[in-house]
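**Q** First the structure, which I've put down as structure tokens, then a few questions once you've had a look.
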Amino acid sequence: MAPPQTIPRRGLFIGGAWREPCLGRRLPVVNPATEATIGDIPAGTAEDVEIAVAAARDAFSRDGGRHWSRAPGAVRANFLRAIAAKIKDRKSELALLETLDSGKPLDEASGDMDDVAACFEYYADLAEALDGKQQSPISLPMENFKSYVLKEPIGVVGLITPWNYPLLMATWKVAPALAAGCTTILKPSELASVSCLELGAICMEIGLPPGVLNIITGLGPEAGAPLSSHSHVDKVAFTGSTETGKRIMISAAQMVKPVSLELGGKSPLIVFDDIGDIDKAVEWTMFGIFANAGQVCSATSRLLLHEKIAKKFLDRLVAWAKNIKVSDPLEEGCRLGSVISEGQYEKIKKFISTARSEGATILYGGGRPQHLRRGFFLEPTIITDVSTSMQIWQEEVFGPVICVKEFRTESEAVELANDTHYGLAGAVISNDQERCERISKALHSGIIWINCSQPCFVQAPWGGNKRSGFGRELGEWGLDNYLTVKQVTKYCSDEPWGWYQPPSKL
């Protein structure tokens, strides 16, 4: 029996309960693999944001914070582990919903759910460990003072997340924010909110204190903008486009509000001629750009090939690309599903046509797979004869499209790799480990992969440089995003300070 092609009907999740949006509006949810409407989500607006922020502020300060913000980290850890357990219990259902909502292969969505559960478990451990790090002493040069550090939650945080890994990207923010003791308003992308709303259902099941996590779905200008500019939101964490990130920075600057931004990328993958196994390098190249249909901020979308191996490498890359199963994402073995929406589909096609008009060669792909007449599907696409002035070299496509240039020397490869406004990630494949270490230091990126592309571990920091944003998610750095550091210094001497001449005694 085929799985159901519908989604649960949910409201906004505010104050631990479901609420219909104040204006009563809802947005259709379209399965991008079939173009069928499979349900709808609530369309929140500024009025709903106001209610959610009030719920979060109340949850932060309720009873002096003893139930959440000032509770022991071990208390919060119990809730995070309970969420992780429910994610595992509902893994198959959540993966299916995410596939229906986003068009990604079911295998990929299933793996994402494993990562979601692991992320909540990891930050549960860090929440517990935080208890032991409070009042860390500071060594001072004066014996009559003692000083220590407190780490405290920032407060109410707005979390605005993208559509490419809907629940996972939300979890990268929700889990550390809750571990820190913050209360939160999550605003997922309107293009893929279904699994995030199910997180609200899970929080109800486990008894998360009301208002600790609130979920507002809706359009960016109507819900995201009021959230990022709200005077009672203490921080905004955003993952998405560079242009939206700029607007959030401008809004936050009016209140000197901290933000962390994980934005776009145009990451390079450099392959040298000393590799022993071309197919091994080709597969990593494929994974770096065709996984999740290339809708990955860190996708290694610029391939730099040493001129001595370029032809042989491209021949194998085309052969491997032809072998990818592009299909309905629910089919077993699917490795390339649809892109997220009609708008994204048309945007990617425009990038490809512009590359062709500017003189590039579409070596493989570039259009709709002939066997798929419906849905927003694109072939894996390889573009050669690219110059650095072309749009396809400079701008983020966010689709299954890779552009290729050749190089002769290591210094030329590094120069080409750094020829971008972005700085999220970079990769190098070579058997010369000293060369790999040199290039790791030379690339202007926050993440470097050696002999691979795209591995991601919750224990390691994630974030970029330049127009790819600032701040780091994941690992202990992800927790620090949601903590403030407070210095406490005590004067311990029985003697007076003695700076001023005392008045005469009566």
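Backbone N, Cα and C atoms are what each Cβ position is placed from, and that goes for glycine too.
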**Q** According to Swiss-Prot, T161, P162, W163, K187, P188, S189, E190, S241, T242, E243, T244, E396, W462 bind NAD(+); identify which of E143, E262, E379, E415 is listed for that same site.
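**A** Only hit among E143, E262, E379, E415 in Swiss-Prot's NAD(+) site, alongside T161, P162, W163, K187, P188, S189, E190, S241, T242, E243, T244, E396, W462: E262.
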**Q** Other than its own, how many Cβ atoms are within 10 Å of the Cβ belonging to L191 (Na(+) binding site)?
**A** 19
**Q** Find the longest CA to CA distance in the recorded NAD(+)-binding set T161, P162, W163, K187, P188, S189, E190, S241, T242, E243, T244, E262, E396, W462; express it in Å as a whole number.
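**A** Taking every pair of listed residues, the largest Cα separation comes to 24 Å.
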**Q** Please report the distance from the Cα of L191 (Na(+) binding site) to the Cα of T161 (NAD(+) binding site), rounded to the nearest angstrom.
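**A** Cα of L191 (Na(+) binding site) to Cα of T161 (NAD(+) binding site) measures 11 Å after rounding.
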**Q** So what sits near T161 (NAD(+) binding site) in its own chain, CB-to-CB under 8 Å and at least six residues off in sequence?
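**A** T161 (NAD(+) binding site) has long-range Cβ partners M169, A170, K173, L186, K187, P188, S189, C196, T239, G240.
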**Q** Can you tell me the three-state DSSP label for E262 (active site, proton acceptor)?
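**A** In the DSSP reduction, E262 (active site, proton acceptor) maps to strand.
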